[in-house]
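Scroll down for the structure; my scribbles are underneath it.
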């Protein structure tokens, strides 16, 4: 790289010198012709270099100096590995600063009360199922992930005999929670439910009720905190 820059600089300087030599020779020839013809000439500023020539020389000198400075700086960086040292210093700086990550899964960040995760089916405090088999959640689900079957009980109330959710279809839009008149189906706080098989993601009623029993305290608190905005 240094050799290329030096070669270019010398070529530019040689070209400039040839141009100046040609101009000087032309001026000398004109002066000789004027003397032979008896024309009296006097030395003026035009016989020497003009301001434009001086500016061009200064500009050329600056460019040469700039090129050599860049070559020198590059050689210094290569010799003393300054760029590597600069990178190591940056690493050392962040080594002692406060960490921006957490040690997942042993540490977990906070979740919003509006977080939409794995769904549960809730119960009343008495243990009775909340779901009344109105099928509004099944009707509003855009992914058609919910399947409900129901029958009437002896007391005349309706309860589900089948409540399935295909978690591979669910898009966690929360429409089922908004449509439910009794807060039976909600979006839960759990996001860690990866499985090894597809069948494990086909949730039945027992699985959903089990989720509801596990997270009831947290779900009730989230619904209470968000009740002002519903």
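Numbers run from 1 along the shown chain.
Glycine is no exception: its Cβ is also placed from the backbone N, Cα and C atoms.
Look at Swiss-Prot and you will find 131, 134, 137, 180 tagged as [4Fe-4S] cluster 1 binding site, backed by similarity to another entry. As annotated by Swiss-Prot, [4Fe-4S] cluster 2 binding site applies to 141, 170, 173, 176, with the evidence given as similarity to another entry. Residues annotated as domain '4Fe-4S ferredoxin-type 1' in Swiss-Prot: 122-151. Among the features that Swiss-Prot reports, domain '4Fe-4S ferredoxin-type 2' is placed at 161-190. For 1-42, the entry in Swiss-Prot reads transit peptide.
Feature map: Swiss-Prot annotations on the structure.
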residue	record	contacts (Cβ under 8 Å, 6+ apart)
131	[4Fe-4S] cluster 1 binding site	121, 159, 160, 163, 182, 184, 185
134	[4Fe-4S] cluster 1 binding site	181
137	[4Fe-4S] cluster 1 binding site	146, 148, 175, 176, 179, 180, 185
141	[4Fe-4S] cluster 2 binding site	175, 176
170	[4Fe-4S] cluster 2 binding site	119, 143, 145
173	[4Fe-4S] cluster 2 binding site	116, 142, 143
| query | Cβ under 8 Å to the domain '4Fe-4S ferredoxin-type 1' (122-151), counting only same-chain residues 6 or more beyond its ends: which ones? | reply | 157-167, 169-171, 173, 175-176, 178-186, 209, 212-213, 216, 219
| query | Which residues of the same chain, at least 6 past either end of the domain '4Fe-4S ferredoxin-type 2' (161-190), have a Cβ under 8 Å from a Cβ in it? | reply | 111, 115-122, 129-132, 134, 136-137, 139-151, 198, 201-205, 208, 211, 215, 218-219, 222-223
| field | C-beta crowding around residue 180 ([4Fe-4S] cluster 1 binding site), within 10 angstroms | value | 19
| Where residue 137 ([4Fe-4S] cluster 1 binding site) sits in the secondary structure, as DSSP reduces it to three classes | helix
| message | Test of understanding: give the count of other CB atoms lying within 10 angstroms of the CB of residue 176 ([4Fe-4S] cluster 2 binding site). | response | 23
| task | Look up residue 176 ([4Fe-4S] cluster 2 binding site) in the DSSP assignment and report helix, strand or coil. | result | helix
| message | Neighbours of the [4Fe-4S] cluster 1 site 131, 134, 137, 180: Cβ within 8 Å of the Cβ centroid, same chain, sequence order. | response | 132, 133, 135, 136, 138, 148, 176, 179, 181, 182, 184, 185
| query | So around the [4Fe-4S] cluster 2 site, 141, 170, 173, 176 aside, which residues have their CB within 8 A of the centroid of those CB atoms? | reply | 137, 140, 142, 143, 145, 146, 171, 172, 174, 175
